[in-house]
């Protein structure tokens, strides 16, 4: 059985590399695949130029296939490259182009085709120029970008404004090589060779598409050719400012956390001295957190859902750790197409056993009886809302005919991974957790009937406590959020994983400390219902992050349109929900360790 299950996992991982079922047109010449794999060429060897996607520059999620615009197609027909699962999820669709870019062969004003653009074609190109569309291509796995055209705004007498649209018809390829390797490629368009496609143009327009190729030797080694992309998003000055901002933010947060921890330790020391005195009068006047020692370990309501949250949050915590390990060893180098998405999908599937084990183990310790329901709830507590959101957003992308819509084959592969790997591993982990003989450790006995919680002021209720708990961790990651958003929802490249790892550690530490402090203040006023409160306070940072999404969308970005808006707020809602589960688990686990420590240090009858 174990061997069969291992074979299933290996087969799914191999299928994931293919990601989708190729159609009849998705045929690639063997020599081209071999040359791209080896990256070594001889003079005049064909090196294919793949067209990936086009779309509005301000809407990174709204992408379309290159030939959704009426560009010149290869004479032998369009061929598609077989892509990996992560590449497809990243909205790449590699199609062959008519540009002949043989290795070290210069070309000057080479004709691609002459096309007569009718009213329909002109409308498509005009829309693309008006919305500032760009195209993305790959040459020897090196990305290149260019704009479709340009728009001119003319002011005429009488306050009349006229817009003119021009389509770029000539492309210059500047390629650098070292011996038998392609090192660098740059693309530029010639504004002097642009066709007027303005609205006042009537009839058909003749467009002559041409290109030039220039090869230049360079001393840059093949192993260093991606460094230019690493230097692209941040120059040294901005990098120093980035480091300074992060260090300043972290130091401020750590000082506040240290100050809070110092006060808490001094108060706890005084409490320990007070509660450990053998004074009968003190027992009669017992108050504070010792007073609720018979209720503090009373299991929470809705413990089935609570344990499912804790199990899934633990899985996401370890998933983030594994992603950071892969990033720090250099797996996610710039423009390694879809590597991050592939890692997220595979690691989420393989870490499902952690969620099942933790959820079922705690559920058994809390004397739960519906363990089958608990395991099933753990399977769907995060995947369920995510699948619903994905179905809605994928439908929107299909309606827009965008490459952001996953092909049917990719959806089938992902469903197979979820149903044949994620769910079985969650079930196996749940069974192992159910059979775990660990008992819930409680230093104090629990009373048969709960004590009544005294009337508390409004600022000690759940919502104000969540606001206080989420603000400090959010302030630790606020600076880094902009760079992450600019990478995920923009065209910048995020490469400073070391900074992000430091910020992640600071986030975990601050979340744990602030939740412990609020839990102590809650128990000090004899409110013993801390289980859900500590989870909600720990996870409240996710709510702050989602609030930042609105600020970023309206103040820091130029995104617009229904598709881009729904993709941004929809997927960010799922990301923040994952943050809520992960940080809520951190807050609860930290509070549990703290409570066990303080009640073990005093005498409780």
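Using N, Cα and C of the backbone, Cβ positions are placed for all residues, glycine too.
Feature annotation from TrEMBL assigns signal peptide to 1-18.
Annotated transmembrane segment per TrEMBL: 241-268 (among others), in sequence order.
Per TrEMBL, transmembrane segment is recorded for 305-333 (among others).
Taken from TrEMBL, the feature transmembrane segment covers 339-363 (among others).
Nonlocal intrachain contacts for the transmembrane segment (375-400), taken as residues 6+ away from its ends with a CB within less than 8 angstroms of a stretch CB, comprise 62, 304-305, 307-309, 311-312, 316, 352, 355-356, 359-360, 406, 411, 418, 422-423, 426-427, 430-431, 562-563, 566-567, 570-571, 573-574, 577-578, 581. Taken from TrEMBL, the feature transmembrane segment applies to 375-400 (among others).
Marked as transmembrane segment by TrEMBL: 406-428 (among others).
Residues or ranges marked as transmembrane segment by TrEMBL: 466-489 (among others).
According to TrEMBL, the transmembrane segment annotation covers 495-518 (among others).
Beyond the ends of the transmembrane segment (530-554), by six or more residues, the same chain brings 296, 299-302, 306, 309-310, 313, 462, 465-471, 473-474, 477-478, 481-482, 485, 489, 507, 511-512, 514-515, 518-519, 522-523, 565, 568-569, 572-573, 575-588, 590-592, 595 to within a C-beta distance below 8 angstroms of the stretch. Feature annotation from TrEMBL assigns transmembrane segment to 530-554 (among others).
Feature annotation from TrEMBL assigns transmembrane segment to 566-588 (among others). Within the chain, the transmembrane segment (566-588) has long-range Cβ neighbours (under 8 A, six or more residues past its boundaries) at 61-62, 309-310, 312-314, 316-317, 320, 381-382, 385-386, 389, 392-393, 396-397, 404, 469, 473, 489, 507-508, 511-512, 514-515, 531, 534-543, 545-546, 549, 553, 559.
A Cβ distance under 8 Å defines the sequence-distant neighbours of the transmembrane segment (466-489), meaning residues of its chain 6+ beyond its ends; these are 60-61, 233, 242, 245-246, 249-250, 252-253, 256-257, 496, 499-500, 503, 506-507, 510-511, 514-515, 518, 536-538, 540-545, 548, 552, 556-557, 559, 568, 583, 587.
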